[in-house]
Amino acid sequence: MAAGKQTKGRQKITMKRIEKEDDRLITFSKRRSGIYKKGSELVTLCGAEVAVLVFSPAGKPFSFGHPSIERVTNRFLDKNPPPSDTTHPLVEAHRKMRINELTQHYNELLSRGEAEKDRGNLLKQMMTGSGRQQQLQQKQQSYWWETPIDELGFEELLQMNATLEELHGNLCRKISGASSSVNPSLASNNANLQKDPSASFPHGFGYGRMHF
């Protein structure tokens with residue numbers, strides 16, 4: 001069984017502008033999701049207040065904030081601590097727990113989406129490889145004399161020529177044996193063909209001398 005295709009593994013991406021627009025948009029979407037995930041991790045692990053505002057290459061805004069992007073930006077712009085919250089401690093604890101649950105659920109969905117995307121890419125590669133293998137098998141199962149001569153090298157041409165000579169000789173002997181009991185004159189002609197097989201080839205073919 002042939003060894004699987006060797007891959008180079010994960011490679012470091014050069015930090016420069018991506019010129020192709022489709023690739024640039026795909027990369028933006030992936031990296032934006034990564035920023036959201038890192039922000040939610042800061043919220044869950046450290047209890048931090050986070051605000052992320054990103055504009056896409058097309059100018060469309062995307063934001064992520066905890067507890068809300070308005071609260072974080074207002075706190076940053078005013079440079080003042082937030083006013084004391086009179087919310088009951090139990091209500092605040094429930095609110096934080098609910099936010100943590102939603103954040104964790106979001107991260108799970110994000111990881112699941114990335115896993116499904118990787119699985120889809122792998123399936124696509126497997127299907128592509130299977131299609132190529134099927135084409136190769138069909139090509140191998142085709143008759144060897146149907147192979148285009150232009151695709152053959154010199155050694156392969158010599159081998160095909162020798163095979164054709166052997167096949168022609170076998171045909172002449174078979175025809176000679178079958179016709180000898182039917183028509184003596186045909187048997188005589190076939191005997192001559194065995195002595196000079198090139199006599200049965202069209203003019204200019206050059207049997208046995210590779211004059212195609």
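Don't overthink the numbers, they just go from 1 along the chain as shown.
Each Cβ is built from the backbone N, Cα and C atoms, and glycine gets one as well.
What TrEMBL says about a protein is an automatic prediction, not a curated fact.
Summarising the annotation, TrEMBL assigns compositional bias 'Polar residues' to 178-197.
A mean pLDDT of 83 is what the model gives for the domain 'MADS-box' (8-68). The feature domain 'MADS-box' is assigned by TrEMBL to 8-68.
Taken from TrEMBL, the feature region 'Disordered' applies to 178-200.
Broken down with DSSP, the domain 'MADS-box' (8-68) shows 26 helix, 12 strand, 23 coil.
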